[in-house]
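Features reported for this protein in Swiss-Prot:
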- 1-226: domain 'BAR' (DOMAIN)
- 265-360: domain 'PH' (DOMAIN)
- 405-745: region 'Required for interaction with GULP1' (REGION)
- 607-640: repeat 'ANK 1' (REPEAT)
- 644-673: repeat 'ANK 2' (REPEAT)
- 677-707: repeat 'ANK 3' (REPEAT)
């Protein structure tokens, strides 16, 4: 027995003893309160359990009634009978658990409250009455004068009696305190033990009951799986027949890529202020965590986490020096951006570094995966960036026509692409799709930190690739782009970093090359160049600068260079517009963008046409497709219209470019825009009798309607658009339904 109060201190009646008594009384009072609360909660639990049992039994009866609905089905009847019988046995076990819990509460807790604590309180009252009597006797004995001997003798005798009575009661009370302390421990632990034993018995019985159905459940699961497959197959066949009757032309199916999530651990956590995306732009403080290749936050510990970035490989982070608040940085993903604020400059830098490191780590882990993935966790979103979206709902699946190994081999086979564009490391497995270059993993992480407005990074081995994007990468390449961005490296005597250089050296080089653009061939001041009115629509593009771009003979990059005015007399926007014309010149377009051309530059001399509209009218469909893909990758607005109210989708429809129409629809082209004559793209397609484009536009409208109703839509939409994309890339002339007299529309 653990002695809480010492009997010697009890006889001394020291202040320490009195304080100990008061402390124990407070503890016992609190114990009594909590035990009464526990009893109340236990009674509530028992009452809820009985209600649960009653509701569960009624629920089982409802399940049994399903077996008698409609024609007899032996399989369903057997299933319901076995499972309801098992559930009934489990409820019987639950009732036994409630009875055991009630018995334990009454035996242990209620007995302790009513008997143990009651006797303790009575002993306490006797003790304090004795203490009061002793205090009174001591006071009276002390107040008797010397001259009153008789009274002093009586007071002394009374004091002895009071002291003896107090000490006896004090010893009894001390014993009672020590006993109640031990009894409390024993009774509570015994209560918990009996409760756990009852729970163990209950769950053991449930386990045994369900184990008897293990084999049956396994067999039933297999049968149900087969039924679901058959039903899904029948449903899909009916939907395909339905679309076939309406459209009469459908492409074949492609296997859906598998999804796999890579491992990840906790990187950093802490409080940050987050700006809301509503109209009020309010700021709230949340607990942010970088873990499992995700950026998440929560308000309280028990709150569910909110995912800001589902896959860090799809995002970039940048500082926000122009924000009204200090210490702000922004995490940008393809679908949204999140403005965050830390408490100090140092914390802001730490968070930015942590996000960048997490991005690099995510890519490194994916690179070490022995099993190449056609579409990983988040790479489906990467595919969306190339496959774009179809209306408000968007396309949700990408396609990889030739496999990841085929894409990497095809892109790396281009002259100069077998090495990293920036550090010359062999066998690069990453690419910047808006620049058209290949990168090593370290340089790709640096490119990603620049932001998507400078470089859009994608893996050659992990992500899905649309066919038009693969062809675009093969038409550009490291040699062409480096002739633009490194034009003055030799003249400036600047040393290019190698594979063994540090990350800091590579980062400084990449920043100077793509952000500061130190090595570009300088153009005259913009005000000295012409840019308000562009050349006629059919004028050939401006040829590349001598010595700046040297394309390979026989490729899309080496078009004939007809005589033209000096490039230096053109505004970069006008140069981009000219280069997007007949036929398009991707190197010249890249040169114009490098010199700051606005990808949505408007040519006032040609009905406010944009480079994207100009590229749509190229003579060769494949050239036009790749030029449009290049402009879209660099931020071209797919819905910007000319003076006649016609956007790129209108022009593609007028010219019968089915591949371009498919590309613009995937990139979110607005189907409802009408030109100055009140015609939308579908009206034009019907008037020109272009069945392919009519099919695409009607499917897109159906997709929009499904998305507006919250429906996922039929996978047939995706199949058709993937097939048109592949056909537009492999055999574009087959899809072209243009005729020369359509220009009069």
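Just so you know, glycine gets a Cβ as well, placed from its N, Cα and C.
Remember, it's a predicted structure, so these values are computed and weren't measured experimentally.
With helix defined as DSSP H, G or I and strand as E or B, the domain 'PH' (265-360) counts 19 helix, 40 strand, 37 coil.
Summarised as a single figure, the pLDDT of the repeat 'ANK 2' (644-673) averages 90. Under DSSP, residues within the repeat 'ANK 1' (607-640) fall into helix, strand and coil as 19 helix, 1 strand, 14 coil.
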